[in-house]
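One structure is given below, encoded as structure tokens.
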Amino acid sequence: MEKKWFYEKMSPETVYGYHVTSVHEENTGFQELQIVDHGHFGRMMILDNVVQTTEKDEFVYHEMMTHLPIMALARPAESILIIGGGDGGILQECLRHDSVKRVTMVDIDGRVIEVSKEMLFFKDAFKDPRLELIVGDGAAYVAGEEAQNKKFDVVIVDSPDPVGPAMVLFEAPFYKNISKCLNEDGIMVRQAGVPVFQAPELKEAVEHVQLSFPHVAVYRGVVPVYGGDMAFVIASKNGAPVDQPNGQFTGKYYHTRFHSAAFVLPAFWYDVTGLPME
């Protein structure tokens, strides 16, 4: 099959290029979806010309989005809500924890889910009986009585960048509703981009989350395909610190000794977020 060049715009004057073989392309009704194969990164999913996940380095992002907040909880996590995450990577990592009894995943794009089941590397996670899968609007879900009555220990917001249908997942009212869905000691986490390219997104994410949570922190993980050192915003509903793990867990990237170290940030990140350098 003939190869082609795919280019992702990282900033107005920066692009990353990948020499890929196209496997699948479609318009889902929400976004342009591509599955491609790359000589180094393996199979890749691309949405609206932005790389979402790759076979080579998916474990970094997915482990840091799941194991760190789960281990930050003061007790074993039993119930998790994933907003987005249609590729299944976050789901797979959540299910590695034996304490987890229930995972609810809400993604607006059913085609992303179906294509991921067929063509990506997390397909077995969708077969787990602990999963409740909802195809729908994540923002509407957390605003509703069903989610707010269920209550969750951890809420993971696995959204793309703030464009198109994901825009609402970056706005302040969304976080207020997430707080209502959490148990009193619950924890929320979301990705906040790569500050060297997306510093304003990180600043805005911290400010919006602070409106609804008494304790907000930022940690980091290096995701090569996303552009390097990536920021994650984490918050606790009861104000408890989140920088110490509760127990032991070792993945491929995350481990419990790395947990606290992930909260040591580059100096300019403190300037961007206004958080204290402790």
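Using N, Cα and C of the backbone, Cβ positions are placed for all residues, glycine too.
Every protein chain shown contributes to the tally, and the Cβ of Asp158 (active site, proton acceptor) ends up with 25 other Cβ atoms within 10 Å. TrEMBL lists Asp158 with the feature active site, proton acceptor.
Under the DSSP three-state reduction, Gly138 (S-methyl-5'-thioadenosine binding site) is assigned to helix. All protein chains shown were included, and the count of other CB atoms within 10 Å of the CB of Gly138 (S-methyl-5'-thioadenosine binding site) stands at 29. Look at TrEMBL and you will find Gln31, Asp107, Asp137, Gly138, Pro165 tagged as S-methyl-5'-thioadenosine binding site.
As annotated by TrEMBL, spermidine binding site applies to His62, Asp87, Asp158, Ser159, Pro160, Asp161. Counting every protein chain shown, the Cβ of Pro160 (spermidine binding site) has 17 other Cβ atoms within 10 Å.
According to TrEMBL, the domain 'PABS' annotation covers 3-237.
In the three-state DSSP scheme, Gln31 (S-methyl-5'-thioadenosine binding site) falls into the coil class. Minimal Cβ crowding within 10 Å, among the binding-site residues Asp87, Asp107, Asp137, is found at Asp137.
Between Asp158 (active site, proton acceptor) and Gln31 (S-methyl-5'-thioadenosine binding site), the C-alpha separation comes to 16 Å.
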